[in-house]
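Copied over from TrEMBL, here are the features:
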DOMAIN    97-515  domain 'Major facilitator superfamily (MFS) profile'
TRANSMEM  21-44  transmembrane segment
TRANSMEM  147-167  transmembrane segment
TRANSMEM  174-194  transmembrane segment
TRANSMEM  200-221  transmembrane segment
TRANSMEM  233-254  transmembrane segment
TRANSMEM  260-279  transmembrane segment
TRANSMEM  346-367  transmembrane segment
TRANSMEM  373-394  transmembrane segment
TRANSMEM  401-420  transmembrane segment
TRANSMEM  426-449  transmembrane segment
TRANSMEM  461-481  transmembrane segment
TRANSMEM  487-510  transmembrane segment
Amino acid sequence: MTTFDGILEEVGGFGRFQKRIFALLCVCSLPFAGVYVGIVFQGFTPDHWCRDPAVVERGQVCGWSLADTRRLTVPRVNSSGTAQLSSCEQYEVDWNSSARTCDAQELDLSTALTVPCKHGWDYDYEGRRSFVTEFDLVCSDGWLVDMYQAMLNVGFLFGSLAIGYLADRLGRKMTFLMSNLFNGIAGILVALAPSYVSLLVFRALYGFGVKGGWMVGYVLVTELVGVEFRRTVGILYQMFFSIGLLILPPLAYFIAEWRWLQVVITAPYILMLSYYWFIPESPRWLLSQKKTSKAVKITEDMAKENKMTLSKNIETLTGDTADSDSTSASFLDLIRTPKMRKHTLILSYNWFTSAVVYQGLVMRLGIMGGNVYIDFLISGLVEFPAAFLILFTIERIGRRLPFATANIVAGASCFITAFIPDSMFWAKTVVACIGRLGITMTFEMVVFVNTELYPTFVRNLGVSVCSTLCDVGGIIAPFLLYRLAVIWLELPLIIFGSLAFLAGGLVLLLPETRGMKIHTHTHTVLMFSST
C-alpha cells in the first residue's frame, strides 16, 4: 500500500503545483485583515460636540464664526488635568426668550446649567465618514462601537466550529467556495445595512463565513504539501495577513466612505469564486472518503505539473490512519491527567491573551490621535520580522523559550509605552511597535505549539477547544480597550501588559517540543486561529 506522504516524496513536497495553489490561497488572507481590524477606519470616532440649532440660528443672525458657535454651545470639562471642550454636554440656554447681545465675546455662560446633548452631534469629519458618525455612536452610546467588533468575533466563534465540520463532511474545496459565496453576500449586506441593529446582525454573519474560508484555505494548502514544508507554509500563509494590513491604510485613505470601503474589502471574496476552476480538492480528504480514483487523478496532475515521474503503484494509494481513533476523543481527555490539564489551561490562556492583546493594540491606533494611516502602516510593517524570527529560532532554540520571550517582550512593551510621555513621540512609537512584534509572534506560535503538545488522538479536539478562547478574547478586547481608555488612555496597556506577562510565565511551565517525534495529522492545525 502506498501512502500519500510517500507519493509526495516522488512528485515533490512543494513543487510548482503546490506553489501555484499556495499563491492563490494566500489571497484569502488579504481581505481577512481588513475584516478583522477594519474598525480602525470604518469605526473611526472624530472630534464631536453637541449640536444646538438655536445657537446656530442665532449665530447666522449675528454672523458668529464656527468657533464662536461651538464655544457658546459646549462647556469646558476637566480631562486628564486639562480643560477641554466637552463632547457630550451642552449649555442649557433659552436663546429665543433671552435678550442676548450679538457680541460673542461679551457672552458669559460660565454659570449656565449643562445638560447632555439634546439635538445630536456635529463632527469634524476630516473628509471621512464612519458608521460612528452615521449612527451617532458616541457618548452614552459609545459602547455600541465595541459591539461592532464583538459581534464579528461571535461570528468567528460559531463559524470556526460549523465550517470546520463542513470541511470534513463536504470537502475542503466545496466548503471554501461556499464560505466565499457567503462572505460576498454578507459583506455587501454590511455595506447596505439601513440601521445599526441590522449592521450588527450582518457583521456577525460576515464573521461566521470569513474566518471559516480563511481556515479552510489553510487546511487545503497544508494538505497538499510535504510534511517538512507544512510549518513554513502555515507561517507564511499567516504573513499574508500582515500584507493585508499594509494594503488597508491606503485603501481607507482614498475611500473615505465606510460603506464603499466595506465593498472593496468584500470584493476579493467574490473574485475567489473563480477558484472553482483553479484549485483542486484535497487528495488526503478524498482518500479519507474512499474516493481513491479522484485522489489518484489529482496526484497525477500534480506530478505532471511538477515535471516528476511516478514510480510507485499509485493505484494502491491510501490515506493516513493515525487519526482513526480521534473520533472517540472527548473533552474529558483534555483534562483527565494533571499534565493534560496543565497543557489545556496554559494553551487556552495563551489563545485568549494573544487575541486580546493583538486586537487591542491594533484598535488602539484609532484612538491615539495623530495620523492614523501612517501609524497603522508603521505598526503593520513590524509584523513581518515575526515570521522570520519564528522560522529562524524554533529549530535552533526550540519552541518554549521564543514563545515565552515574545509574550514577556509584548507585556514589557505595553507597560513601558503606558508611562512614556506623549512628548517623546518616537520613543513611544518604537516601544509600542516592539510590543506589536512580540504579540504577533505569540499569535503565530501558539498554533503549532498547541498541535505538538497533544497526542494524535486528541490533537484536533485540543486545538479546537483551546482556540475557542481566542474568539472569547476577541469579544472582550474592544470593551477592555474603549471603556478603559475613557478612564485613562493608557489603562488598557496596563491590562494588556499584565495578561502578556502572565502568559509568558505560564509558557515556561510547558515542555519543550523541539525534536519530539510526533505524527503530523492530515486535518487542520490552524482551524481556529485568527491571524
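Any Cβ shown, glycine's included, is placed from N, Cα and C.
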For the transmembrane segment (461-481), distant same-chain residues with Cβ under 8 A (at least six beyond the ends): 39, 143, 145-150, 152-154, 156-157, 160-161, 164, 326, 329-331, 333-334, 343-344, 347-349, 351-356, 359-360, 363-364, 367, 450-451, 453-454, 492, 495, 524-525, 527-530
Contact between the transmembrane segment (147-167) and the transmembrane segment (401-420) (at least 3 Cβ pairs under 8 Å, separation 6+): no
Positions whose Cβ lies under 8 angstroms from the transmembrane segment (346-367), at least six residues beyond its ends: 36-37, 39-41, 43-45, 149, 153, 375-376, 379, 407, 410, 414, 432, 435-436, 439-440, 442-443, 446, 449-450, 453, 462, 465-474, 476-478, 480-482, 485, 489, 492-493, 496, 499-500, 502-503, 506-507, 509-510, 530-531
The transmembrane segment (401-420) touching the transmembrane segment (260-279) per 3+ Cβ pairs under 8 Å rule: no
Closest-packing stretch to the transmembrane segment (174-194), where packing means Cβ pairs under 8 Å, from 21-44, 200-221, 487-510: 200-221
Of 21-44, 373-394, 401-420, 426-449, whichever stretch has the most CB pairs under 8 A to the transmembrane segment (487-510): 401-420
Feature contact check the transmembrane segment (401-420) with the transmembrane segment (21-44), CB under 8 Å, 3 or more pairs: no
